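Database features, via Swiss-Prot:
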- ASN188: N-linked glycosylation site (CARBOHYD)
- ASN282: N-linked glycosylation site (CARBOHYD)
- ASN308: N-linked glycosylation site (CARBOHYD)
- 1-14: topological domain 'Cytoplasmic' (TOPO_DOM)
- 29-343: topological domain 'Lumenal' (TOPO_DOM)
- 15-28: transmembrane segment (TRANSMEM)
Amino acid sequence: MLVVQMPFSFPVAHFILFVFTVSTIFHIQQRLAKIQAMWELPEQIPVLASTSKALGPSQLRGIWTINAIGRLGNQMGEYATLYALAKMNGRPAFIPAQMHSTLAPIFRITLPVLHSTTASRIPWQNYHLNDWMEEKYRHIPGEYVRLTGYPCSWTFYHHLRHEILQEFTLHDHVREEAQKFLRGLQVNGSQPSTFVGVHVRRGDYVHVMPKVWKGVVADRRYLQQALDWFRARYSSPIFVVTSNGMAWCQENIDTSHSDVVFAGDGIEGSPAKDFALLTQCNHTIMTIGTFGIWAAYLAGGDTIYLANYTLPDSPFLKIFKPEAAFLPEWTGIAADLSPLLKH
C-alpha cells in the first residue's frame with residue numbers, strides 16, 4: 001500500500017518550534033545560574049575588589065582590621081601594628097575609613113580602606129593587643145579579626161622598618177613645606193648643618209600624668225639637659241621646638257645660645273605641620289607620648305627621651321613597658337619625680 005506522508009500543518013510546526021525555543025532558554029538559564037553561584041561569596045563575606053591585585057590567591061582569605069582610636073601618634077601605631085601582624089599571620093589588612101582620613105592627608109599609606117557599610121556586614125572576632133609584642137600574636141586564630149587596643153611598640157614592626165618608613169613617607173607638599181622652613185633658619189648668622197627636633201607634650205598630660213598615672217611631664221631641667229647633650233656633641237646645632245603648650249616652652253627653654261626656634265602651630269586637630277618639621281630634622285628630643293615616639297622613629301639619628309617618669313607603683317606600668325616603647329639605641333634622661341613625692 002502506498003502511504004503518502006503529508007507535511008506538518010502550519011500550526012503544528014509553530015508549536016514544535018516554540019517548545020524547542022523554550023527548552024533552549026531554560027537550559028541556558030540553568031547554566032548561567034551555576035556559573036554565577038561559583039563566583040559569588042556568601043552575603044556576610046563581602047567581595048573587596050581592591051584586594052585582588054594587591055594580594056596573591058593564597059592570601060585572599062579573610063579580612064583583618066584594627067580600631068582607629070586616639071590621635072595621630074596612636075593611629076600610626078595601630079596602622080603599623082596591623083600591617084605587621086596581618087603579614088605575619090598571612091591575612092589581608094584593611095584600615096577603617098576614619099584611620100584613612102587621619103593618615104592619608106599626610107602619608108603615602110597603601111593599605112586599602114574598609115568602609116563602614118562593608119564592615120557592618122562582617123562577623124568580627126575582636127582580639128585585644130597589649131602594647132608590646134607577644135609570641136601568641138604570631139598565631140592569631142580567625143579569618144575576620146578586628147585588633148583592639150593602643151599598640152605603639154617597635155616590637156611589633158621593627159623587623160619591617162624599611163616598609164614602615166615607606167608607608168609613612170610624607171607627601172611631597174608636606175615635606176617641602178617643612179624643608180623650606182628649615183632652610184630659612186640660621187644660628188649666629190650662618191645656616192646650621194644639624195637640626196634637632198624638640199617635641200614637648202603638655203596639654204591634657206599636665207594633669208592626667210600626676211592625677212591618674214602617678215607620673216610627670218618633662219620639666220625645665222630635663223629640657224636643659226637634653227639640649228646640652230646635643231650641644232656637647234654637635235657643632236652649632238639648631239633646636240626646632242614644637243609643642244601643644246608653646247607659651248610654657250617660651251618661658252622655660254633657655255634661648256641664651258640663640259640656637260632655639262619655636263616653630264609649628266601646636267594645633268592637635270591638624271598636626272601635619274609640626275610632625276613634618278620633626279621628621280625632617282636630623283635628631284630628636286622627645287618628652288612623652290606617641291607623637292614624639294613616631295617623630296623620632298621616622299627622623300632617625302640620635303634620640304633623647306624622658307625616662308622613669310612614673311613612680312614604681314604607677315598603674316601606667318601595667319599597660320606600658322618602656323623597653324618596648326623606646327628603641328635600645330635611644331638615650332634616656334631620668335625625670336625628676338620629686339613633685340610627686342611631696343604629695
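Backbone N, Cα and C define each Cβ position, glycine as well.
Owing to the predicted nature of the structure, the values given are computational and were not obtained by experimental measurement.
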Over the topological domain 'Lumenal' (29-343), work out the mean pLDDT and round it to an integer.
91
Rounded distance in angstrom between the Cα atoms of ASN282 (N-linked glycosylation site) and ASN188 (N-linked glycosylation site)
19
Cα-to-Cα gap, ASN308 (N-linked glycosylation site) vs ASN188 (N-linked glycosylation site), nearest whole Å:
35
Out of ASN188, ASN282, ASN308, which of the glycosylation sites is least crowded by other Cβ atoms within 10 Å?
ASN188
